[in-house]
């Protein structure tokens, strides 16, 4: 996958080998520039354990999202360090066998085993240094936490003047790196809202009519709430681009185009809060009509949603085992124009992506479900293999490149697979049929999780 400007070189140079000594890892960047005599404390201003805990939280929060897109090899290294820290050196008889066909699990075991008797502190230092090389925003993130910590200490001493100064400095650091709201001129905000609302109105209206039939006032209120959430999430995503040095399209001249983070070739699609909509077409397979980008939004009523799905029976509830991937095949309906979907999970997130298969399903409108033990066994979708995940993504495994794909109908990617925070909010979306005949492929990917199964609650339906 193409990464944002400034990240390719950093990721390429992040080859921190296991043979490097721990003393080198105490330098600011062991593979970039010359080694220095800085100690870890001098560089970061915090103890190793504190920086590691912050780094682990940063990685879990940002993994797969802009601006943190990490190669498969580097992810395996990071996981190996965390296991060395949590469980100590690898001992074959102490952990269960992952099986010969579990490519991801075996790669991680091998990386963990290669660390030998590395100490817990050295593993923490290696983890922090590698994350620092992979993501330039990690150090400002730590600096902001350090300033916040200093601010709390000043307040405990009753130093009000020092606290106010630290508060201002921390706010400046956070604002410069995209971690706090940005202020817009009223005219700019109006233009952004108008552009977003114009593009999503028909999708939101169709969704609300489906959810609240015959209740015009409630439909209007729900549309306004969805539009407000859409605007706020768009601005949060835009700030991440600003923090990464992206050129803003939201200048004083107005908004002529709204970025679609889901479009193929766009480097920084967000995994959980994706809502950007683009009425322009995305690149298709060349078969039939071009594909319009999907609209995706989130809702906070996750408890109510899951309860309503339970009341409807067991058809809308699926158990996705550890390492499994489920693909739900939904044919287009003769009387429909839009596909709508909603889903949520219990406790943990899951990957989600959408494809369209250009096939003639005739009058067959049955929804079918395909389960694979891991994503390596699932077919590689045309148009999606090099989109958001890339050849090195752990959800695709280390093996799989070069496999012969069986002949079949063309398939186009609509939404790339990204991990979604569907355990915290309902993920919903819609897509305009690109053809009267075809099959949508909704992919729920748990191949990244070797230990946890997921319970999925979902609805799929069509509207005119």
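Residue numbering: from 1, along the chain as shown.
Cβ coordinates come from backbone N, Cα and C, glycine included.
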The annotated region 'Disordered' range in TrEMBL, which must be one of 226-255, 256-285, 286-315: 256-285
Range among 109-145, 146-182, 183-219 that TrEMBL annotates as region 'Disordered': 146-182
Taken over the domain 'GOLD' (306-462), the model's mean pLDDT: 77
